[in-house]
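Asker: Before I ask anything, here is the structure I am working with.
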Amino acid sequence: MKPIQVGLLGAGTVGSGTFKVLLRNQEEIKRRAGRGIEITMVADLDTARAREVAGEGVKVVADAREVIANPDIDIVIELIGGYGIAKQLVLEAIAAGKHVVTANKALLAVHGTEIFAAAHAKGVMVAFEAAVAGGIPIIKALREGLTANSIQWLAGIINGTTNFILSEMRDKGLDFATVLKEAQRLGYAEADPTFDIEGVDAGHKVTLMSAIAFGIPVQFDKAHIEGITKLAAQDIKYAEQLGYRIKLLGITKRTAQGIELRVHPSLVPSKRLLANVEGAMNAVVVHGDAVGTTLYYGKGAGSEPTASAVIADLVDITRLHTADAAHRVPHLAFHPDAMSDLKVLPMAEVVTSYYLRLRVADQAGVLAKVTGLLATAGISIDAVLQREADEVGGEGSTQTDLIILTHDAREGTVNDVLAELQALPTVLQPIVRIRKEELS
Ligand code: HSE
């Protein structure tokens, strides 16, 4: 059978890896897919770069629409990124009856409902393994491997840039800004790292995983997102003293009230495997009712790791593209007419535990007042750590840090009591609040 023909939009790092791996492993890939897979056309505004990436025998064009218009192309790989032209091209490729493979988490997390509906109507596949956690086959695991389960929750380190920064902050005791500069110098962080450090990239990825885990529409606009820019080195140190590490987690959870969907720094017990995922690596823990807790670990970015996911999608499409559309794996794991309308909970309704740090006047009655307000709000304390004033503020200091770990509490209740605590004259600086996940 003649090879399936693929058109590539965007000849950057991942495109280059896709060419290399397809060529290097072409025999094995063909034996798995049942026929050869060939990228026969590449579009990139930088045609010289595209020519270099593609090598001989591949048609290179500047206009992506030439690829979409080519009737010989069966699958279009979109590696342009962003919500702009990429959205237009993906919709045009679908309208032209092409299957689409994309690594574009931003596009699918924000416009997924429209894109999947268009693909469903046209009977084509939109595959996106590379959009979440790079080379880790987490979409495959959630959509197929764990299909017997009622998934209860998942939590992941799904942004390598921020995990690298947090690892460095902990290892070297450095502050966020210093480590960010170093990460940019080493090429771990983009020149504009906003999406990574503000948690947006992780938000896109957890939104996609949540949709597949629970069969709900993609709803990035409902996700609660906080990044790591406000994290202080001293909180990483205190967390360590209490037996925790701070990680930027993407979390989604099924509760009786609805779905939690959130990204924020979290204390994780140091003994958990997830707490020991260091540097730019990614990992996702998924808890299903039948299987229990499972862990997926690997490289979340990079040329060949991401190409590994792109090619897995190419193989899936090659195997399935002649199958009746109704017999393929649904885009979001659940059939479109069987999606759930479980609501995504506002953050105030989320129940979790907390790390609180209060800079207080070191005088009689302060601790009693603080714990009294927490008790009145029904918030139970799990642990308290108080540093000696001299250690915190230097010789003769009259201030100290009071660190409190709470048991589970409703976020709205915690917000109210934090406002009361902040108003106390003996609380001298803005209170630090970091959520805590036991992941048990
Ligand atoms: N910028 C992402 C990260 C990789 O740092 O993990 C692509 O999603």
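For all residues, glycine too, the Cβ spot is worked out from N, Cα and C.
A TrEMBL annotation is a machine prediction, not a hand-curated record.
Pulled these features from TrEMBL for this protein:
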| type | residues | note |
| --- | --- | --- |
| BINDING | Leu9, Gly10, Ala11, Gly12, Thr13, Val14, Gly15, Ser16 | NADP(+) binding site |
| BINDING | Lys105 | NADPH binding site |
| BINDING | Glu190 | L-homoserine binding site |
| ACT_SITE | Lys205 | active site, proton donor |
| DOMAIN | 355-435 | domain 'ACT' |
Asker: On the DSSP side of things, how many residues of the domain 'ACT' (355-435) fall into helix, strand and coil, could you say?
Answerer: 28 helix, 28 strand, 25 coil
Asker: Same chain, not part of Leu9, Gly10, Ala11, Gly12, Thr13, Val14, Gly15, Ser16: whose C-beta falls within 8 angstroms of the C-beta centre of the NADP(+) site? Give them in sequence order.
Answerer: Leu8, Thr18, Asp44, Val53, Leu79
Asker: Which of these recorded positions is closest to Thr13 (NADP(+) binding site) if you go by CA atoms: Lys105, Glu190, Lys205?
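Answerer: Checked the recorded positions Lys105, Glu190, Lys205; minimum Cα distance to Thr13 (NADP(+) binding site) goes to Glu190.
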Asker: Check the DSSP secondary structure of Ala11 (NADP(+) binding site), expressed as helix, strand or coil.
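Answerer: The residue in question, Ala11 (NADP(+) binding site), is coil (DSSP, three-state).
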Asker: With every protein chain in view, how many other Cβ atoms are within 10 Å of the Cβ of Ala11 (NADP(+) binding site)?
Answerer: 27
Asker: Since the record lists Gly10, Gly12, Gly15 as binding-site residues, which of them has the fewest other Cβ atoms within 10 Å of its Cβ?
Answerer: Gly12
Asker: Which of the recorded positions Gly10, Ala11, Gly12, Lys205 has its Cα nearest to the Cα of Lys105 (NADPH binding site)?
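Answerer: That would be Lys205, nearest by Cα distance.
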Asker: Helix, strand or coil: which one is Glu190 (L-homoserine binding site) in, per DSSP?
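Answerer: For Glu190 (L-homoserine binding site) - judged by DSSP and reduced to three states - the answer is coil.
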Asker: How many Å lie between the Cα of Ser16 (NADP(+) binding site) and the Cα of Glu190 (L-homoserine binding site)?
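Answerer: Cα-Cα, rounded: 19 Å.
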Asker: Of Thr13, Ser16, which of the binding-site residues has the most Cβ neighbours inside 10 Å?
Answerer: Ser16
Asker: Within its own chain, what residues at least 6 apart in sequence put their Cβ under 8 Å from the Cβ of the residue listed as 'L-homoserine binding site', listed in sequence order?
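Answerer: Residues satisfying the criterion: Thr161, Gln184, Asp196.
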Asker: Out of Leu9, Ala11, Gly12, Val14, which of these binding-site residues is nearest the residue listed as 'active site, proton donor' by C-alpha distance?
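Answerer: So, of the listed binding-site residues, the one sitting closest to the residue listed as 'active site, proton donor' is Val14.
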Asker: Mean pLDDT over the domain 'ACT' (355-435): what is the value?
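Answerer: Averaged over the domain 'ACT' (355-435), per-residue pLDDT gives 95.
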